[in-house]
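Participant: Feature list, courtesy of TrEMBL:
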- 1-43: region 'Disordered' (REGION)
- 50-70: transmembrane segment (TRANSMEM)
- 76-100: transmembrane segment (TRANSMEM)
- 112-131: transmembrane segment (TRANSMEM)
- 151-176: transmembrane segment (TRANSMEM)
- 188-207: transmembrane segment (TRANSMEM)
- 227-247: transmembrane segment (TRANSMEM)
- 254-274: transmembrane segment (TRANSMEM)
- 286-307: transmembrane segment (TRANSMEM)
Amino acid sequence: MTTPNPWTGDDRPQPPGVRTSWSGQVSAYDPGSEPGPGSQRRSSRARIRTWAITGLVVVGFAFSGLVLAVNVGGHLGLVTTLLAVLAAALPLGIVVPTFLWLDRFEAEPTRLLVFAFAWGALFAAAIAAFLNTSALAVFRAATDPTSALQTTAVVVAPFVEEAAKGLLVLVVWRFLRREFDGIIDGMVYAGLVAAGFAFTENITYLGQAYQEGGGPYLAATFVLRGVFSPFAHPIFTCMTGIGIGIAATSGSRWLRVVAPLAGYLLAVLAHSMWNLAATLGGHGMVVFYVLVEVPIFVAFLALIGWARRREGQLIGIFLSPYAAAGWLSPGEVAMLSSMSRRREARMWARTNTGPRGLAAMRAFQDAASELALLRRRMYNSIADAQALGTERQLLDALVARRREFIGTTLV
């Protein structure tokens with residue numbers, strides 16, 4: 001027996017004779033049209049460019065991984081390195097799911113999330129290791145080893161590491177704008193690149209601790225880095241991500257420059273303060289952790305909770321006119337703007353139409369989220385030239401996916 005669909009009804013609005021786009025103009029997209037020769041040539045060039053960039057990225061990551069393997073593995077040894085890798089992976093079981101949870105309304109492509117993590121674990125870690133080591137050598141030549149280490153940790157490392165991590169977020173925003181929709185995307189990419197960076201950094205610290213004092217030193221270092229501060233690097237880099245996210249949704253040229261820079265400088269400041277407290281050690285570290293780090297962490301949790309709720313509200317706001325035009329029912333808009341109702345809808349689809357219906361409902365929800373965020377960009381006058389065509393493609397996708405999980409459409 002089929003359960004009635006709670007998100008549509010007989011009183012749902014009917015679409016007008018001519019479907020209009022967000023801007024009020026008839027969408028130029030024609031699903032039956034064939035691309036012209038010029039379009040085919042551009043497509044061929046785009047494929048060549050994509051393969052070339054992919055090749056460069058693979059070579060860059062491979063080289064970075066080789067450098068890290070030689071320096072870290074060669075210094076620690078195989079057994080110690082493997083033990084450190086296992087220990088460093090444990091905090092990822094908390095950090096990575098946190099950012100995936102934040103990304104639920106409009107999930108980023110898996111390939112880009114993996115790319116962000118790999119950027120942090122390989123490229124950013126290798127660049128930071130090289131520049132930090134070079135700076136340490138310069139300071140050691142000018143002062144005593146302790147002062148050189150403290151200066152590098154407090155003055156150099158925060159600038160270098162936050163730049164190496166934040167560069168990934170900047171690259172995604174500038175070159176993959178369709179996949180970057182605001183503060184949440186900035187935080188997600190920043191959090192994952194920082195998680196990758198922290199993973200590689202923890203391998204070094206945990207391995208060195210095991211070499212120096214065996215199991216007890218390893219356990220103590222793991223508690224400090226993996227239990228008390230697994231979100232340290234992600235929180236720092238999220239400040240850069242938030243700044244870039246603000247820039248991505250702003251039509252102001254001034255803000256598009258100032259916001260990323262301000263976010264980066266805040267990340268550097270927070271990172272520098274954390275490293276300063278770590279170099280002080282003892283009571284200074286404890287006081288800083290309780291009075292500064294814990295409140296920052298609590299504020300971070302509150303921020304990601306608010307950001308996810310806000311994204312749901314924005315999806316509802318920017319989908320509502322499509323309901324008025326008949327593309328969606330009001331019940332569907334309410335479902336799409338609530339994560340709990342989305343889960344209920346997926347359960348309903350799986351119960352009534354099986355795995356295919358579940359997949360169709362997920363695709364329907366993803367397309368609706370992308371449509372809402374596209375409309376937001378159009379509203380803010382920051383959408384690209386293909387926005388109208390993309391809008392019509394997403395609307396057609398909604399109709400097609402609905403047909404799969406319910407057997408009918410709003411038309």
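Here, residue 1 is simply the first one shown, and the rest follow in order.
Glycine is treated like the rest: Cβ placed from N, Cα and C.
Just so you know, TrEMBL annotations never went through curation; they're auto-generated.
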Participant: Other than its close neighbours in sequence, what residues sit by the transmembrane segment (286-307), given a CB gap under 8 Å and a spacing of at least six beyond its ends?
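Facilitator: For the transmembrane segment (286-307), the list is 98, 102, 183-184, 187, 228-229, 231-232, 235, 238, 270, 273-274, 277, 280.
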Participant: Could you tell me whether the transmembrane segment (76-100) and the transmembrane segment (151-176) are in contact, taking contact to mean 3+ Cβ pairs under 8 Å with a sequence separation of 6 or more?
Facilitator: no
Participant: Six or more residues beyond either end and a Cβ under 8 Å away: which residues meet both conditions relative to the transmembrane segment (254-274)?
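Facilitator: Beyond its ends, the transmembrane segment (254-274) has Cβ neighbours at 154-155, 157-159, 161-163, 166, 170, 232, 235-244, 246-247, 288, 292-293, 296.
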Participant: For the transmembrane segment (188-207), give me same-chain residues lying six or more residues beyond its boundaries with a C-beta closer than 8 angstroms to one of its C-beta atoms, as numbers and ranges.
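Facilitator: Distal contacts: 68, 72, 75-76, 80-81, 83-85, 87-89, 91-92, 95-96, 98-99, 102-103, 108, 112-113, 116-122, 124-125, 128, 161, 164-166, 168-169, 172, 180, 218, 221-222, 225-226, 230, 232-234, 236-238, 240-242.
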Participant: Looking only at residues six or more beyond either end of the transmembrane segment (76-100), which have a C-beta under 8 A from one in the stretch?
Facilitator: 107, 113, 117, 187-188, 191-192, 195, 198-200, 202-204, 206-208, 210-211, 218, 222, 225-227, 230-231, 234, 304
